[in-house]
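Written out below as structure tokens is the structure these notes cover.
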Amino acid sequence: MARARDLLITFFNNRWLVFVAAMWVQSCAGIGYVFGSISPVIKSSLNYNQKQVARLGVAKDLGDSVGFLAGSMSEILPLWALLLVGALQNFLGYGVVWLVVTGRAPVLPLWVMCLLIFIGTNGETYFNTVALVSCVQNFPKSRGPVVGILKGFAGLSGAILTQIYALINSPDSASLIFMVAVGPTMVGIALMFIVRPVGGHRQLRLSDASSFSLIYCVCLILAAYLMGVMLVEDLIDLNQTIVQILTSILFVLIVVPIGIPLWLTFSSGSRTLEEEALLSEPQNKGQPESSHDPNEIIFSEIEDEKSSEVDLLPASERQKRILQLQAKLAQAAAEGAVRIKRRRGPHRGEDFDLTQALIKADFWLLFWTLLLGSGSGLTVIDNLGQMSESLGYDNAHIFVSMISIWNFLGRVGGGYVSEIVVRDYAYPRPIALAFAQGVMAVGHFIFAMGWPGAMYIGTLLIGLGYGAHWAIIPATASELFGVKKFGALYNFLTLANPGGSLVFSGLIASYIYDSEAEKQAQQRGDLIVKSASSLFTKLLATDDAPKCTGSICFFMTYMIMSGLCIIAVILSLILVRRTKSVYQNLYGKTRT
């Protein structure tokens, strides 16, 4: 009995259990991705026009991205309470929407419906915050893969929820809203005491690399499987038995990673000498608890004293020069020849709070490069339907499904590649961000040209690049500004996403599209006037906004987006140059 209890406690406190549970939470956290499927139900049930549905979409985007309340509450409430708040918000918001749509509650004004959509979707920011904060603290040496996988599952949640809804096979299309209200709420409440920090930095094992490899394999198989299932269900009318089998396979793929903490729990007694050596290493290099450590103070002085040529030397020689300079400064300080300055506030690589981070140039470089990169990517996602329609494609939802899968692979791949950059080369993680933004610049250019097959290639490049942002940016923020206040820092950075979408999609893309559509409408109107009577012309006139056809509709928009991505590349490279010494201090000492 005592042995069973010890195993249960070990299992419950295993950081891999927390990680797998966080993956399950994130599988329900992308509620905003399902809005495209529930908006037609709301529109038909409440007799809304397209403009009213668009306002609901804006409320959804704001709820999805405005997470400063979740970030602020993460510093006050325990994580289980934060997850509970998010679950209750999700249930309240979408639960009332379901009651209104099904006629079980009176019809509410549009602004109240917008508020409900905002509240319901905003619940996912709590899910995101809890999952990322707990796992970044549990896996301080593997932030890139952890963030990439978690954000990837959030991106896939729309496809997962849609497949579960296909299993239900309810004739009432409003049942999808009910599932969105109840499903994530149940998952969040069920796992709220599991997803938490458990001192994961003390649980290092040699098998961690193979564990991550297994999860990466599951991610790739899951992405390919969902892509195949969506295409098959779109082309073939499947019976319910086949749908049940396909959904069962999906559940198996999602549950498979639980084998990792189970195996580690039952093999916990056989720790090798190499693993003991790993545990004996200090885990918070670059993030000391005390601000009075003389080595920290001397390190800050080294940044002022060392010449720029030192950063250009090979790693071994650079480390040697820094150690020599550190020794000289320490001796000079001991003799009274130099007075070591104690700077106010933390240094890069230590724990910042939000107010301290807001006065740092590196933080704003991260913010603006995210605004330009992810904002331009979100512009593509928001306008994918109109763009495919203008180029003559009938099935716009194919591109929506494709960009979701590429987005997922971009998140997982961005975390994996950026981790190689910092782990194997001790080079700043933002260099991977610059590469992703360069890929996006090419994708925008291909969209602008409107060549045959441009939609397929552009969707691939934009999806991968956009997804990579959400793996690289959070990991970089945790490295430069610490994990203690990570929730507030991360949720402030996410404000760049709706900010970029508002300017690029809401103003630039819509203005250019409407202008081109108006020009084409005027040309068609001239032809009608020449060939028909005035009465016939009035009969043809409609109140709908004119539509634009051809690549000209988005040519200028995506040329601008391509230029903005190039600016983002430049900002990322500036950040790389500014943070080289920080990454050398964080990761250079661990290289062999």
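The backbone N, Cα and C atoms fix where each Cβ goes, glycine too.
Unlike curated records, TrEMBL annotations are generated automatically.
Per TrEMBL, the feature domain 'Nodulin-like' maps to 15-261.
The annotation domain 'NFD4 C-terminal' is assigned in TrEMBL to 357-521.
According to TrEMBL, the transmembrane segment annotation covers 16-36 (among others). Beyond the transmembrane segment (16-36), the same-chain residues lying 6 or more positions past its ends with a Cβ under 8 Å from any Cβ of the stretch are 56-57, 60-61, 63-64, 83, 90, 94, 117, 120-121, 123-124, 127-128, 130-131, 134-135, 138-139, 146, 149-151, 153-162, 176, 180, 183-184, 187-188, 191, 194-198, 200, 211, 215, 254, 257-258, 260-261, 264, 400, 404.
Annotation source TrEMBL lists transmembrane segment at 79-101 (among others). Within its own chain, the transmembrane segment (79-101) has Cβ neighbours under 8 Å at 25, 31, 41-42, 45-46, 63, 70, 73, 107-108, 113, 116-127, 129-130, 133-134, 174, 177-178, 180-182, 184-185, 188-189, 191-193, 195-197, counting only residues six or more beyond its boundaries.
Marked as transmembrane segment by TrEMBL: 107-127 (among others).
If you look up TrEMBL, you'll see 174-194 (among others) marked as transmembrane segment. Counting only same-chain residues 6+ beyond the ends of the transmembrane segment (174-194), those with a CB under 8 A from a CB of the stretch are 12, 17-18, 21, 24-25, 27-29, 31, 34, 37-38, 41-42, 45, 79-80, 83-84, 86-88, 90-91, 93-95, 97-98, 101-102, 120, 123-124, 127, 161, 164-165, 168.
Sequence annotations record features per position, and here TrEMBL assigns transmembrane segment to 214-236 (among others).
Sequence annotations record features per position, and here TrEMBL assigns transmembrane segment to 242-264 (among others).
Summarising the annotation, TrEMBL assigns transmembrane segment to 363-381 (among others).
The transmembrane segment feature in TrEMBL is assigned to 396-418 (among others). Within the chain carrying the transmembrane segment (396-418), a Cβ under 8 angstroms from the stretch's Cβ atoms is held by residues 33, 36, 144-149, 151-153, 155-156, 158-159, 216, 219-220, 223, 226-227, 230-231, 234, 380-381, 384-385, 388-389, 429, 432-433, 436, 455-456, 459-460, 462-472, 475, all 6 or more beyond its ends.
Residues or ranges marked as transmembrane segment by TrEMBL: 430-449 (among others). Only residues 6 or more beyond the boundaries of the transmembrane segment (430-449), in the same chain, are considered here, and those with a CB under 8 A from a CB of the stretch are 366, 369, 372-373, 376-377, 380, 387, 410, 414, 417-418, 421, 455, 457-458, 460-462, 464-466, 468-469, 472-473, 476, 551, 554-559, 561-563, 565-566, 568-569, 572-573, 575-576, 579.
Summarising the annotation, TrEMBL assigns transmembrane segment to 455-477 (among others). Below 8 angstroms of C-beta separation, residues 132, 136, 143-144, 146-148, 151-152, 155, 363, 366, 370, 373-374, 377-378, 380-381, 384, 387-388, 391, 393, 399, 402-415, 417-419, 429-430, 432-433, 436-437, 439-440, 442-444, 446-447, 486, 489-490, 493, 565 of the same chain, each at least six residues beyond the ends of the transmembrane segment (455-477), sit close to that stretch.
According to TrEMBL, the feature transmembrane segment maps to 489-513 (among others).
Listed by sequence, the residues of this chain that lie at least six past the ends of the transmembrane segment (555-576) yet keep a Cβ under 8 A from its Cβ atoms are 362, 365-366, 368-369, 372-373, 375-376, 379-380, 383, 427-428, 430-431, 433-434, 437-438, 440-442, 444-445, 447-450, 465, 504, 508-509, 512-513. Annotated transmembrane segment per TrEMBL: 555-576 (among others), in sequence order.
Using the rule of three or more Cβ pairs under 8 Å, pairs at least 6 apart in sequence, the transmembrane segment (214-236) is in contact with the transmembrane segment (242-264).
Note on the domain 'NFD4 C-terminal' (357-521): its mean pLDDT in the predicted model is 88.
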